[in-house]
C-alpha cells in the first residue's frame, strides 16, 4: 500500500511521504504502524536473542547461525527503510553508515561507490534502497522457514534443558492461545503508540527534508541500532570500529 504512493526520487520522496500521511485515506495510520512496527519487531527480536543466550540455544549451530543471518537481514531491511523518507537523518545516516565500508582496504572506495550508484548518496541510492526494502522481506521469510525447519529437528530449548518426547503436548490449543494473546497485546500496544504518540520513537531531524549542504549537529541511528553505534564510537579508528562491530 505504501509502495503505491511512495516516489523513490530525491526531489519528491519526502513530499510523497507527506502526501501519504495527509491526503491518502488512512495513510497516516498505515505509515505510523509501519514505522513504529519496526521498533516493536526489534523488541521481539532482542527478547528472542536474550532468551536464546540464556537457554544456550547457540549450542544448536545450524539454527543459531541462520538466526544470526536473519538478524543481519532484518537490520539491513530496517536501515534501507529508514533512508526512504529522505529526511535529514535519513540522508546523513545513509551517508555515514555506507561510508564505513570505505575502511575496507583496497576496495573500500569502489564498494561504497557501487552501493551509492555514483559518487554520493543520490537518486540511484534511493532507488536501489527502495528495491532492497521491498525484496529483503521475501528473503527473510524464506530464511525464517529454514530456521523453523532446523528448530523442529533439534527441538526448542527450555529452562531445564531437557527435550523428552514423553513430556510433549500439542501446540493447539495449549500454545496457540498463548501466542494469540501475546500477539493481541503487542498489536494493542502498537496501535496505541501509532494513534496517541506516533513520533515518540522518531528523530525530530527527520521531519526536515534532506539537505546535503547542512549536517545535523548529532547524527545518531534509531534506538535499535544504538548498540552498533556505541561500538563504532568507542574506537577512534574507523577500520578498528568496523572490525569490532563485525566481531560483535
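Just so you know, glycine gets a Cβ as well, placed from its N, Cα and C.
Summarising the annotation, TrEMBL assigns domain 'Cytochrome b/b6 N-terminal region profile' to 1-160. Under the heading domain 'Cytochrome b/b6 C-terminal region profile', TrEMBL lists 161-248. TrEMBL lists 33-54, 66-85, 91-117, 129-150, 180-202, 223-247 with the feature transmembrane segment.
For the transmembrane segment (91-117), the most Cβ-contacting stretch among 33-54, 66-85, 129-150, 180-202, 223-247 is 223-247 (pairs under 8 Å).
Confidence annotation: the domain 'Cytochrome b/b6 C-terminal region profile' (161-248) carries a mean pLDDT of 89 in the model. Within the same chain, residues 28-29, 32-33, 35-37, 39-40, 44, 222-223 sit at least 6 positions outside the transmembrane segment (180-202) and bring their C-beta atoms closer than 8 Å to a C-beta of that stretch.
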